[in-house]
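So the structure is just underneath, and the comments pick up after that.
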Amino acid sequence: MTGRSRWRYHFPSEDYSSCQGVQLDEGVLIWNKLPDKFAYIKSLVFTSNCQDGTPLYSSFVELEDECPYLPIVAFDWNSYINNDGYTGPFKYSIYSVIYSVTANFIITVFLTVIVFINVPTKPSRKASYILKLGALLASLNLSIFVIRVWKNIAENYTYNGYVSSTSFLNLLWGDKVFAGIDLVVVFLLQISQVQIVMRFFDRMQEKRMVFYFGLFLILVTQILWVIPTLSPVPTKDSDSDIDILPPFVYLFRIALSTCYASVICFHVLTKKSLCFRGRMIFLTLLTIFTVFLHPTFFIVDVSNLWIDDLSEIFNTTCYLASTVIVLEWTNRIHTMERKIHAASVLGRPIYEDEEQNFHFAIYALRMQNAMKMHRDGHVHDHGHTCDSNDNANVSLQNANTNDSSSIITDNSSQRTSTFGTMATDQVTLHTQQGERNITQFKRAETFWNKCHHVLESIVYYTDNVMVNALAGSKTFDSFTNDAEKLLKTERLRKTVGLDEPEDVYLYRKTTMSSDSVME
């Protein structure tokens, strides 16, 4: 029988006399394979049907016309099925194992179908490709394993007339392909859980920190877990250095699942006005149940040996359920929040780190120019009234200062070029009536420019920090001074912003009245 990790508790094995052989006295042996179907035997050693030192017989009700068991065999069989040990009672039989594995397989396939056929509304977010791949691999892995189990059970029952739960456990524990695919599935589902936790935070810096920290913990857990899983099983008399690794990693997995459940429950408490409203009550309770099912299952796995035997199958289903159901719950909560933000006056909160490539500022300036164009066209349609008002404003501005004429000419010239500005995606000059915006936008750098900047930084710090610290700065006196001067000049131009002359700078001019200053 394939053994598990030695850190778990194992019930002491009992010795059954019927499995070791029973000396029978002389008598008549009736056997179908004998020439005359029966024979007179003076002495015979009878060995019962046993596997791994435990008897194997049918638990069905015996018929009255059947031959009874030998007294020693009947005694061993009754003591085996009635003791409180491991694999003896009916709950450890093959029937309970088959029912549990089949139900677990159906739940996994059901969750996989939900992942693929669920079409969320537009504000929601569909399942990621990582979650889809993990769910698909989990279903395929369990499907192949269940088919192998059914085939093995059918063959054993056909040729032997009995089926033992130990044969199923040997097939589960000895299948390295199943264990390897299961590790990949758990890794993908844990990545999906990290993505769900990232959605609970609004700032990009917080999301980035959650992703890096979660990915680090997942990699450490999977690397430590794969070592004892794929390593040879130690024997009873041998000592191994990796015996301490499985319990440590198992406790680490319990801690990770508990942290995930704590984050979900904290988010439920912060959004309790949305979580416990109408149809969301049932989904919220189901979410809490699934996230707490995983740490509870881990704890029960340590204390219950029957769950310990099937832990690799149950763990995958728990990971998948705590990911798929929480994702659906998160989508609905975010949909309700966006509806509330859309109905409010201020909308949703916007943070500084969301302003990447100045999308909000560019959008605001374009909308401002569009409104100004619409207003100018409306004024032009009204005819002489608007023209007289503009002429009056021009005369007042000419009387106040000499610079106002340049402002008006600039405004008129830029009104004619606004259509060209809106047609291109480049950031150009945006103006308002009577003022200018002081804005400078950074242009998105190409990939090769970023690589060039990284290479320049590496060369700079290598030359000036590492090499000078080891060999001294006088070692590089043989190089030409012109190249160093050009390099310093280029850095200075980059520091003050002169390396990008095509960037547009907008300045704001205001007119001041001398009367207001004197007052």
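For all residues, glycine too, the Cβ spot is worked out from N, Cα and C.
With respect to the membrane, R208 and H267 are recorded by Swiss-Prot on the same side. Below 8 angstroms of C-beta separation, residues 128, 130-131, 133-134, 137-138, 140-141, 144-145, 210-211, 214-215, 218, 221-222, 225-226, 229-230, 256, 260, 263, 312, 315-316, 319-320, 322-323, 326-327, 330 of the same chain, each at least six residues beyond the ends of the transmembrane segment (177-197), sit close to that stretch. The transmembrane segment (310-330) is not in contact with the transmembrane segment (210-230), judged by fewer than 3 CB-CB distances under 8 Å for residue pairs 6 or more apart in sequence. Confidence across the topological domain 'Extracellular' (148-176), taken as the mean pLDDT and rounded to a whole number, stands at 80.
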